[in-house]
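Quick look at what Swiss-Prot lists:
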- 7-49: repeat 'WD 1' (REPEAT)
- 51-88: repeat 'WD 2' (REPEAT)
- 101-141: repeat 'WD 3' (REPEAT)
- 269-314: repeat 'WD 4' (REPEAT)
Amino acid sequence: MPFTLRYHTCGVTSLLHWNDEQDVPTLISGDEKGSILVWNLLSRKPYYKYTCRGQIVSFQQLNDLIIATSKDHTLRILKFPSTLTTKEGFPDYSLPELELIYEIPVNTLNFANTAVEQVDTNNYRLWCCNTQDSETIDIYEFDLRDSKSLKRIHRALSLYEVISGLVDPSTMKFDKLGTTMKFIIYEGIIYLGFESGFVIGLRLTQGLHIVYISSANYPEPVLDLTVGKDLGKVISSSTNSSLGLHTPNINTESHNNVSSKDVVVDDSTIHSEMVNIPINKVSHIQQVDNLLIAASWSGRTVVFDINGNKVLASILKERGQVLIDDNPYGNASLPENSTKVKISAMTCIPKFNTVNPSCTSEGTRRRWIRFYKETWCLIGYADGSIKATEVTFDNLITA
């Protein structure tokens, strides 16, 4: 059954499902005021908190670390509270604080997220917007054990000159890539989504390599990037009704391709694979359990089959309720007098076929197993609520 999480007093701006089936089903949420909450989804209560000085922009899970980027121009690395994952929650007045173990100043003027990858046991690499120019990127490395180890290895890296020399000027005309909108890591490649609609894949191995270029969303801005594990692709959304599908050719050699003083281009092909769906202005996109889930500026979330061809259902919050409707075709935009509530964050939780709950309570064990038998979509709204809805429609999916 759908349920609602209520604790935030302002708009929810970021959600992250803690992806570890050995832990109690857990959600991490952040809001406009900088509050971070760790939720037990069985008890439906928060059991840890942390407060930043600005709006939460994004979360990333990296092993047992929570990477939180906020509008106070700071990236914080917090320790996930693994010792208390089976607790039922604490009274509101006594929520314990998450442990802060590292923080880095970053540029969050344009609401772009960040991406952190692990280099070895204690060393990490950060990809983010340049501290002064959001159209260029910085790359840092640091040792998590040493608060003074932060070192910038690439500064104000611009990709425009290289990309503009590869495109056909008769079909694509642009004088810049624009602001960096999104970062995401998949299979060792860092994908950047730009205001111009380009998605570029980078890899740092004995120099910086461009391994993938796509104009699928050109000339509209990239609004979101997500990993489509069932597809083996990265998916991008934009203001139009096209989703970009991104798969680099990792076996491409660089010796016959383009290079500059900053980067080597391993694959100079401009890719444009995409799929069209019957909604536009897709601000949030997720792919889970052979489902494609898209949330639009209209306040409607639509569930598709994995290829985006068949509409299975839609989710809409109106006047404090969530309406589930098999017809997704509504207004393309949100009128001023609309009673729909704006979607401000989304994440999904996949099914787990085999779950071995680490708890002693038989009741908790049953709820744990039952929860993971469903696919869940969790949506954060501008009114501070978080709605959790099952999105398993196996009986409607055709081969």
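In case you wondered, yes, glycine gets a Cβ from its N, Cα and C as well.
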Sequence-remote partners of the repeat 'WD 2' (51-88) [C-beta within less than 8 Å, at least six residues beyond its ends]: 13-16, 18-19, 23-24, 26, 28, 30-36, 38, 40, 42-43, 45, 96, 98-108, 111-118, 124, 126, 128, 144, 358-359, 364
Tertiary contacts of the repeat 'WD 3' (101-141), as residues 6+ beyond its ends and Cβ separation under 8 Å: 54, 57-58, 60, 62-63, 65, 67, 69-79, 147, 150-158, 160, 176-185, 188, 190, 192, 202, 204, 208
Non-local residues, at least 6 beyond the ends, that sit with Cβ under 8 Å of the repeat 'WD 1' (7-49): 55-61, 66, 68, 70-72, 78, 80-82, 84-90, 92, 95-98, 342, 344-349, 352, 355-359, 364, 367-368, 371-372, 378-386, 388
